[in-house]
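Enquirer: Supplied in structure tokens, the structure appears directly below.
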Amino acid sequence: MSEEKKLSANEYLKIESNYLRGTLAEELADTSTGGITEGSGQMVKFHGCYVQDDRDLRANRRKHKLEKAYSFLMRVRLPGGVVSPKQWLHMDWISENFANNTLKLTTRQAFQLHGVIKSQLKRTVQEMDKVALDCIAACGDVNRNVMVNPNPHLSALHADTIKLATEISEHLLPQGGAYHEIFLDQEKVISSEEVVEPIYGKTYLPRKFKIAIVIPPSNDCDIHANDLSFIAIVEDEKIVGYNIAVGGGMGMTHGVENTYPRLADIIGFCTPEQVVDVAEKVLLVQRDNGNRCDRKQSRLKYTIDSRSTEWFVQTLNEYLGYEIAPVRPYEFTTNGDNFGWHQDETGNWHLNLFIEGGRVVDSPAFPVKTGLREIAKVLKGEFRLTANQNLAISNIPNDQKAEIEVILEKYNILKSHERSALRLYSIACVSLPTCGLALAEAERYLPVLVTELEEVVEECGLRHDAITIRMTGCPNGCGRPFLSEIAFVGRGPGRYNLYLGGGHAGQRLNKLYRQDILGVDAKEILKPLIEDYAKNRQDGERFGDFVIRAGYVEATVNGLDFHKNIKPEAIPS
Amino acid sequence: MIPSHAPFDPNQRTIISALIPTLTPEQKAWLSGFLAASQGGAVAAPAAASKPLTVLYGTESGNCESLADKVAKEAKKKGFKVAMKNLADISVKDILKFEHVALIVSTWGDGEPPEGAVSFHKEFMTADLDLKGLKFSVLALGDTSYDKFCQTGKDFDTRLAALGAERIADRVDCDVDFDDAYGTWKESLFAALGTTASAAAPAIDLEGFAPTVEYGRKNPFPAEVLDNQLINGEGSAKETIHLELDLEGSGLGYEAGDALAVVPVNSDGVVTAFLAASGLSGTEQVEVKGEDMCDLKEALTYKLDITGLSRAVAKKYFALSKSDELGEIVSDKNKSEFKNWSWGREVVDLLELFPVQKLGAQALVSVLRKLPPRLYSIASSPKAHPGEVHLTVAAVRYEGHGKARKGVASCYIADEAKSGEKVQVYVHKNKNFRLPVDTDKPVIMVGPGTGIAPFRAFIEERGETSAKGDTWLFFGDQRYTYDFLYQLELQDHLKSGALTKLDVAFSRDQPEKVYVQNKMHEQGEEIYKWLEAGAYFYVCGDAERMAKDVNTALIDIVAKHGGKSADDAAAYIDALKKDKRYQRDVY
């Protein structure tokens, strides 16, 4: 890090914000606009909100003498994605009264509300607070929502990992009172500066920071998309410790080759007791060494690549004051969800539902929002948001299963996952119309595209063969596109880069297959490959592996390799 | 040039029209004096020894005031010693001093007097006075589409007589189209007062000297539409139109606070359905009172109110149809039920429900009242938009009894008044809705929905005059994102300082309904401070609920933050009204 380089603008914003206050309170009180200034836009992210506008409506707003149709995305922190029925009911009510009538289940097991207008932002936070939910640090240069596999088979393991996730989340939560003052009208607590943010300090992290806990063989949380992951090592149905994975991450920028998705390095092993400490120290190494001049180079993945993995491990050990242990063996088989009914060792039932695009909304054929509301009214268990934008109804006592099934049947939810495997393994980010970063459609278009591809898949007899397919409106990676077997990453209206060859268990990055294709051409482009796969795959061979063996794309070995070895035909001349 | 309804035949019209433009101002003045003299001067009799006549009026929209003004001027010419007084400005006992009273008063909403006349009316109805010797006549203005038609005029008429005053000319009740009725009343009034004859010399009224073509109520100006813009965002449940009209060459002037009358046209679809229901072809020749013969379709399109279903219209139609069922509906015992029955219905439903065999075109015309112009509060300051006038119009569309219904004027504006089209308009002065002359005075404006219209004009005016006084707007509508009328302009006004403070209430953005009066309560302390600092308080918009709620809120605020009893707070508000610091433009 050269000291003479100018810090990025966000660093000054943080420094001058008085621990994330800035001018946010005043701007929220300004009724003349539904928006906020750019600086406050950065600040409000730390409090879990993004200011957005309805891009579908942009064209005519000025003519109507109206400003852009501003609203806020609110991301609700839910360590491990666990929600009580009471919380579900209240979030459902909030979504109907303050948001766009939908709940979005995110790829990081959080709730997202969309379309909350500025005048209702505080009120919405206050409503969440009534059921002990918040959006502190759901976005911003801090640790984000901590993910956990919603493991339906072993409740004991889930209980352990949820406890851990909550501990990590609480430990790494910003301590400053800004959120409570601004949104909950709490009195400002006067305290000396050192104790305001003992972990983060005034400038917080260089960039966002993501943590996940997985239980092999499921890699549903996609460890390679996280800055830090803990891979549970289970012996005799007990977690004996965790492998530590660092430096994963998705985001990149089109045309900027020193930005790239990167696989995490599995650097060692720690005991359950050490996890919170390790998490803190990994975060501190990044806090002290991450790039604060160029936000496109500031994630932990670049901190590691700009030095070396060895340097990182050595530095981490120094911060810890002890050495992390050698990596233990583990194996991932999938990063998808385990749909349908499962019974755990205590006899309780878990049902993993499919929620397309993570969007909980009623449609005439699939009144899932109403159905889940009815379930929440009686459920003795809990809800678990999965890492793949789906939902598990969990810990249903054996004697309540029948009652729940009746409701599921009534609202046509029971068979939510009786879809093609392709659809079940799909992920789309929100994208248009609200996301300011979106270059192309995603959540609104992927279902359409999957329907087209289903024709091909069905013809080839692959209805039950899972292929991970993900679509994002931009290359920042909310939908973890670079870890899927087929990925569409938006470039412009209706245009996408097509990537192939990701590992089915999220263990390998994919590779650019065609740059800048029209979404409407996707079916014709993919059809011959899928037919080839159906005819010529080896026993158990996954689509992501096949396209590499068949020579459609080269395998991507690591992040630095992502933009290399691209076939000439991938890029239009 | 000469308006088509002026009392000339086409030949005369051509000659006069050709002559007028060639005249110099002196020639015009001479001619107008000559003509006036040749009319009254011939029978010149000694002036009545300056008989006193007090013209009392209670006005809401300004119509009564302008009629009072008219009758006063004419009386002056006839040699009366005329005093013109607003009921808002006199006390009940003052009436004891008068000898001859011409009272002109309108009725609003559910039989209520005009805002300014409320307290006089209330006191007078219970006052114990001996009015023997007082001679009076009442002209009542109203709207037959309301149940308690001309109620206030009736009240005064009855009460005056009850207190011993002598009714020298019968009360005349006027509908929206009041010219003819006014003429009748005026004639009988002057006849009763004694043909006191005019002043010795014929007045050459140079003051009121008119331009070549005078546009106004009798002769609306065809204003070109410059812009017709929907100002609700896509996704709104509302349809509010911002209309910009060109007044260039009209000679029409206005001030912020005035209203613009728009002469609507019935839509093709409505006329066609009406004709179909009547069984008439539309080519029948008919006569609409006071107008040339024309075919029925033209009369239905331009001249007659073919939608408004008042009890008066229904009764007249019953005389034709003689349907027992309709007879029941319009019977006096069902008077209060009529409102319910007629809600969401139009005249066409009468034709369909109670068809008349061989309905005559002229008979049908006689059932209908004249198509009244609609008044819209002007949304522009003439200083900010010279030569233009802007309106804010909410298109009224709803379903009633299975049919799509639409407001005649608002949908005419929304659907027909597109850029380049012409709309017949005239200015309607509203002297009771004016910014303070002293621009240092603070103003508070409450204008939800299209009630924002005059306040857009006020804020522009404050900007153009670089007013130093603070300006505070309360606005409200359904939803912030889609219904924040003139949001971008208001943001600019906040930046420039023309607007100091803005509070908004959007009723459908949260589970509870939030209205402007709720926001007023939140800001009660500040509002009281402003009032104490001499602020003027304005309300525009819905009379039935909003204006009442705002009034209640204001009294509560004064009571709470001024530490006053309810009575004292009400008195405080009354004083504001008397000082013209509390003005309303409600409808």
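Note: Cβ is positioned from N, Cα and C throughout, glycine not excepted.
Unlike curated entries, TrEMBL annotations are predicted automatically.
Below, the features straight out of TrEMBL:
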- A:Cys429, A:Cys435, A:Cys474, A:Cys478: [4Fe-4S] cluster binding site (BINDING)
- A:Cys478: siroheme binding site (BINDING)
- A:65-130: domain 'Nitrite/Sulfite reductase ferredoxin-like' (DOMAIN)
- A:169-321: domain 'Nitrite/sulphite reductase 4Fe-4S' (DOMAIN)
- A:342-410: domain 'Nitrite/Sulfite reductase ferredoxin-like' (DOMAIN)
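In the displayed structure, how are the listed features positioned relative to their neighbours?
Expert: With a cut-off of 8 Å between CB atoms and residues at least 6 apart in sequence, the same chain places A:Ser431, A:Cys435, A:Leu437, A:Ala438, A:Leu439, A:Ala440, A:Val489, A:Gly490 near A:Cys474 ([4Fe-4S] cluster binding site), listed in sequence order. DSSP gives A:Cys474 ([4Fe-4S] cluster binding site) a coil state; it is part of no helix or strand.
Long-range Cβ neighbours of A:Cys478 ([4Fe-4S] cluster binding site) (same chain, at least 6 residues apart, Cβ-Cβ under 8 Å): A:Thr106, A:Thr107, A:Met250, A:Cys429, A:Val430, A:Thr472.
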Enquirer: Can you count the other CB atoms that lie within 10 A of the CB of A:Cys429 ([4Fe-4S] cluster binding site)?
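Expert: That number is 29.
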Enquirer: Neighbours of the [4Fe-4S] cluster site A:Cys429, A:Cys435, A:Cys474, A:Cys478: Cβ within 8 Å of the Cβ centroid, same chain, sequence order.
Expert: A:Val430, A:Ser431, A:Leu437, A:Ala438, A:Ala442, A:Thr472, A:Gly473, A:Asn476, A:Gly477, A:Gly479
Enquirer: Between 0 and 100, where does the mean pLDDT of the domain 'Nitrite/Sulfite reductase ferredoxin-like' (A:65-130) sit?
Expert: 97
Enquirer: What are the helix, strand and coil residue counts for the domain 'Nitrite/Sulfite reductase ferredoxin-like' (A:65-130) according to DSSP?
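Expert: Across the domain 'Nitrite/Sulfite reductase ferredoxin-like' (A:65-130), DSSP assigns the residues as follows: 29 helix, 19 strand, 18 coil.
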Enquirer: What is the number of residues in the domain 'Nitrite/Sulfite reductase ferredoxin-like' (A:342-410) that are helix, strand and coil, as DSSP sees it?
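Expert: So the counts come to 27 helix, 23 strand, 19 coil.
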